[in-house]
Amino acid sequence: MGIPDSTTDSRHSLSSAALSSASFENIYDPARKNESTNDVIDNHTDTEIDDHDNDHENLDSNNNNENNEAFNEKAAEKKLLPWYRRYFIWILIFIVALICSVLIGVLGGVLGHRTAVRDRHPSYKAKTYSLVKEYKGTTFFDGFDFMNITDPTHGFVQYLDRNSSAKLGLISANSSNVIMAADSKHNYSSGRPSIRLQSTQYFEHGLFILDLIHLPYGCGTWPAFWTLGDDWPNGGEIDIVEGVNVGTSNQVTLHTGDGCEMEDIKRVMTGTALQTNCWVDAPNSYNAGCGVENPSGPSYGEAFNKNGGGVFVLDWRSEGIRSWFFNRSEIPSDITSGSPQPAKWSEPVADFPDTKCDIDKMFSKQKILFDLTFCGDWAGSSVYSSAGCPGSCNDFVGNNPHNFTEAYWNIKSLAVYQY
């Protein structure tokens, strides 16, 4: 081992001292201190940013991984269950289509049925008729009972029996004419004497032909030629000739039990329908029945009488009930010859087909009636005043006999045909 070199030791000592001095300046120099601090902060910030970027990258990577997993799951589902989804969709489509087809079918059936009902109409085929009963001349009254009863329509009237009617001069008959009238000579406080006749014979179906020269007319009057079944209204009622006060148009009306309607159906007729429910107790009907008014020709009242009257016809069969009126100058030759053929006539005034009314159920065997009442349920009250008639109906009828000289029936004949 040799002796240490003193020069080398001095250099070593100097370098150590210089280093120590530099370190001291770095530590205690404020400027260098701030610079160093900033460098530290910058380095720390850069580290945080790098860490944040790394976090975002990791998050994006995680999201991508999740999306890829979801996509892979859906793809797997599509690959694993395509038949199930298609099967389910086709079943759903089939069910919806089936429901729609059923609904369309039901709706079409309902509408089709309504249309079929609305358009359906009886053929009213031609019949060969034979005369079964004729009321005329001096034997006319022998076929009727005189109904000495209280008026069921609450009229201001006294219905007399046959003997009383004859004594008071209310009835008469010869080979050409049959007269039935109300008293037109005296005042009455309990009702004006009049007539109500009902046939002794029942009829079921047939052609009823009334040749009428004159019908009762004037304020307060309510005449009617009609048919009536037992157990009213279930047996039915057919008003062939009817009007009140100073009216000018005849009305043909059916009165029935529940279940006979003429609404929304095909009807072939020239008259005007007034009501469509024939049930006497239909809401707000007040026993109006289902009436048809004859708007043309002098079918009622003063004009009818001045025109020499005319012929009223009722055709009653299972398919329906129809009615005609012919002016005196327009009576078909087959009627006057005694061989009526309704199939050859013009359209009826009234048509009541069996579309919504079982004719044979609603109308039992019928009797024929003629009557003449006053005021009552129809001709009186507001109807009387609205016709322009004076005072109250009962007072006028009871105290003005001279106003009832036109209140009479003049009948040429009534014939009943059946097939």
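Just so it is clear, glycine is given a Cβ too, placed from its N, Cα and C backbone atoms.
There are 23 other Cβ atoms within 10 Å of the Cβ belonging to Glu237 (active site, nucleophile). What Swiss-Prot records for Glu237 is active site, nucleophile, and it gives similarity to another entry as the kind of evidence.
Reduced to three states, the DSSP call for Glu242 (active site, proton donor) is strand. Shown in sequence order, Trp222, Pro223, Ala224, Phe225, Trp226, Asn250, Gln251, Val252, Thr253 are the residues of the chain, 6+ apart in sequence, with a C-beta less than 8 angstroms from the C-beta of Glu242 (active site, proton donor). For Glu242, the entry in Swiss-Prot reads active site, proton donor, with the evidence type similarity to another entry.
Residues or ranges marked as compositional bias 'Basic and acidic residues' in Swiss-Prot: 30-59.
Residues or ranges marked as domain 'GH16' by Swiss-Prot: 122-387.
Per Swiss-Prot, the feature region 'Disordered' maps to 1-20 (among others).
Residues or ranges marked as region 'Disordered' by Swiss-Prot: 29-67 (among others).
The feature transmembrane segment is assigned by Swiss-Prot to 88-108.
Within the chain, the transmembrane segment (88-108) has no long-range Cβ neighbours under 8 A that lie six or more residues past its boundaries.
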